Amino acid sequence: MKAVVLTVAVFFLTGSQARHFWQQDEPQSSWDRMKDFATVYLDAVKDSGRDYVTQFETSALGKQLNLKLLDNWDSLSSTVSKLREQIGPVTQEFWDKLEKDTVSLRQEMNKDLEEVKLKVQPYLDEFQKRWQEDVERYRQQVEPLGTELREGARQKLQELHEKLSPLGQELRDRARAHVDALRTHLAPYSDELRQRLAARLEALKESSSLADYQAKATEHLSALGEKAKPALEDLRQGLLPVLENLKMSFWSAVDEATKKLTTQ
């Protein structure tokens, strides 16, 4: 499971969409993000699960039981891959329809975000400028003290600490003041953005297109369920021999172990 968690974490860290608000990168579509995540996660589960099965089969207990789990795991992985291939086109059709139906709302929200970004950018620039100035001032104040320490003896450590403490406290106080000022400046724009979003969603809620979209979404989900039934049945049929083989191998191993215990 560590491999699964690590893979998912890397995916989200490298695939984060937060940067698109401040940069001009072209974000992935909802379908692309969902498809990439599903592929990465399932592959991670498959690979890590196979590793655990291999480790068990090569152990002393695994060799004694001889359950042939690795063969069953490969058969199960093949069946699941087939299911993904069959359902994939239907799912993609649903997401494409969802993106098309919500394009107007997304365009309006992107416009609102861009307007707010332009309004708050000067405050962000000012915050960055003041913070850099304070850090540089702190560095200039500390640099002579570092030279003094290198040239002095150990007994000056306490003296140096006493000199650094007020400077560090001053830097923290300045940073806290800058953050408070930035929060005060940004608060109206944050409220404005929330109000705009609420208005957009309320307008969407009251529009007749929402009811149409809900009906279309229900229709697409029903179609997805109908088209997925054959694939799910194939998965069930593929699992039956795997489970039966596993059960027979297990009981065979139990019988063999019982016989060995009886003869001892």
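Just so it is clear, glycine is given a Cβ too, placed from its N, Cα and C backbone atoms.
According to Swiss-Prot, the protein carries these features:
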type: MOD_RES; residues: MET109; note: methionine sulfoxide
type: REGION; residues: 67-264; note: region '10 X approximate tandem repeats'
type: REPEAT; residues: 89-110; note: repeat '2'
type: REPEAT; residues: 111-121; note: repeat '3'
type: REPEAT; residues: 122-143; note: repeat '4'
type: SIGNAL; residues: 1-18; note: signal peptide
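Across the range of the repeat '3' (111-121), the DSSP-based residue counts are 11 helix, 0 strand, 0 coil. Predicted-model confidence for the repeat '3' (111-121) is 78, expressed as mean pLDDT. Within the chain carrying the repeat '3' (111-121), a Cβ under 8 angstroms from the stretch's Cβ atoms is held by residues 21-22, 185-186, 189, 192-193, 196-197, 200, all 6 or more beyond its ends. In the three-state DSSP classification, MET109 (methionine sulfoxide) falls within a helix.
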